[in-house]
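**Student:** Structure incoming, see below.
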Amino acid sequence: MSSDIENLTEKTENLSNDPIYDTNWCHMPDDIKLECIGKMDFNERMSLRCTAKAERSLVESKKIKFYECDIHRASDVLYDDGRNHYVSLTSKKWNSFSKTFENPNNAFKSMNYIWKIGVFNNLSIRSNDPAVKEELMNYSGKISAKHIELDCCDHEIVAAVLRKMNYDVESVTQVQNTGYWLTKDFKPTASLHNVAQILIDRDFNIGFTFQLSLNADGSFAEFLGHFVDRIVSKDEKTVRIRTNNPDRHILLQRGLDEVVKTTYRLQFFRLMVISAETKESEYDDDCKKWISQMDSEAYFDYDAFLNDFYYGVFQ
Amino acid sequence: MSSTEQGTSSAAPAEPTTAPESAAAPEVPESFYYVHGKDKVVHKVSAGALQHSALIHGMISNLGYTEEQAKANPFPFENIDGDILQMVVDWCNQHKGKPTPPEDTNLPKQKEKLFDLVLAVNYLEIKELLTYCCKQVAMMVKGKSPEEIREIWMIPTDAEDEAAEKEAKKRAGKEAAGETAAAAGDAK
């Protein structure tokens, strides 16, 4: 009993010696909270978001920069059901966060939040899953990214992404895997003029670039046919069309040179929004760089590789 | 705050000290101003150090205080605790006329002081110190789960929030009813 009283006295003494502070996170004005949230990494923001409704709305109002966001099906070989989705986020080049979702709906719950708050340097979507398409098409917000890469995505996903993009997007690359072209009712050649139409409708900024690789023929001719009334100039590798904005034109380039020829297994196209003042002499005709971004094998020298390999191993 | 070349703290304003004269060229004596917090302890701070605070800098520019006037009328910051104001003054003195470093290790680690410091710095509009403080606040929850964050920052759950709101409404209703009854009693 006496020891209890002593303890209590000691505690009371300590209490009276310590300064009493009442200020806490809840006393911070929202602008300060937002400033603090801005200094937090993604994981801490996710945790804070789960503490209370008020914190959730604050966290969701603060943008976060990601170096990379990669959404793809985990593996079509290992998981034949095709329902495993993998989301990987990299806030800086060396700081990654990734998660695999067995149920794509769980992945989308996260993705809706991530799209809402994320400002991506690179955003990569590699999936032809109907659930991904549906979710993207139903997403009502905007996607903010500098470069977007769409792999194995059909033209409806491309159109959905283009319509939801903020104007800060500099480039979109659509890389097609031959395996996915067998999808029922899929019209690969429709992509090119559909994309150009969206660029016209949304009046995309000068400099915006859309790159596409596909293994079906006819895109170039179909593009010409679709925009016959808008053509400013054309030759065998380029078509220039006018947009609804008198200051902007769209240039379609077909990637052809002495290495990548019409007989190559893939066709490469680049759509660019250019100034109406741009002269033909100012076109960038060197397609090697942008084709290499989509197909690293296009310029790969197999003879030299085999030669090096042979001499490296056997001599 | 200990007496320094840039400033002193005392219950009454101290005499300003003059900057040491250079052999090459005589320096212009620096102006000093005085501030006090809730505890009324007056801190003497150089104009150079006070440049960090957009609020005080604006007050000085707008009011056109002379040094004598400033000495007689210290800037009162009744909403800032004395020890917090001391920290702010120390920081301003340490970073007077210097480029601010990317990290500041001298900031308080205790959450209560840190939050008070954040509020004070926000009020005084010291942008760089506010940035450091906010970073420090963010560091408090590094690697923590939602439950841990709730505990560290005393964030009430939605259920607790709703209960507190209901309680407040109930109390307000009772008080209003009490006032009405008292008014009716007075009328009789």
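Glycine residues also receive a Cβ, built from the backbone N, Cα and C atoms like all the rest.
TrEMBL labels come from automatic prediction, so no person has curated them.
As the structure is a computational prediction, the values presented were derived from the model and not from experiment.
Summarising the annotation, TrEMBL assigns region 'Disordered' to B:1-25, B:160-188. The compositional bias 'Low complexity' annotation in TrEMBL covers B:8-25, B:178-188. Summarising the annotation, TrEMBL assigns domain 'SKP1 component POZ' to B:38-96. Annotation source TrEMBL lists domain 'SKP1 component dimerisation' at B:127-170. Residues annotated as compositional bias 'Basic and acidic residues' in TrEMBL: B:165-177.
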**Student:** Summarise the compositional bias 'Basic and acidic residues' (B:165-177) by DSSP state, stating how many residues are helix, strand and coil.
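**Tutor:** Looking at the compositional bias 'Basic and acidic residues' (B:165-177) with DSSP, the answer is 13 helix, 0 strand, 0 coil.
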**Student:** By DSSP, how many residues in the domain 'SKP1 component POZ' (B:38-96) are helix, how many strand, and how many coil?
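**Tutor:** The counts are 33 helix, 7 strand, 19 coil.
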**Student:** Summarise the compositional bias 'Low complexity' (B:178-188) as counts of helix, strand and coil residues per DSSP.
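**Tutor:** Secondary-structure composition of the compositional bias 'Low complexity' (B:178-188): 10 helix, 0 strand, 1 coil.
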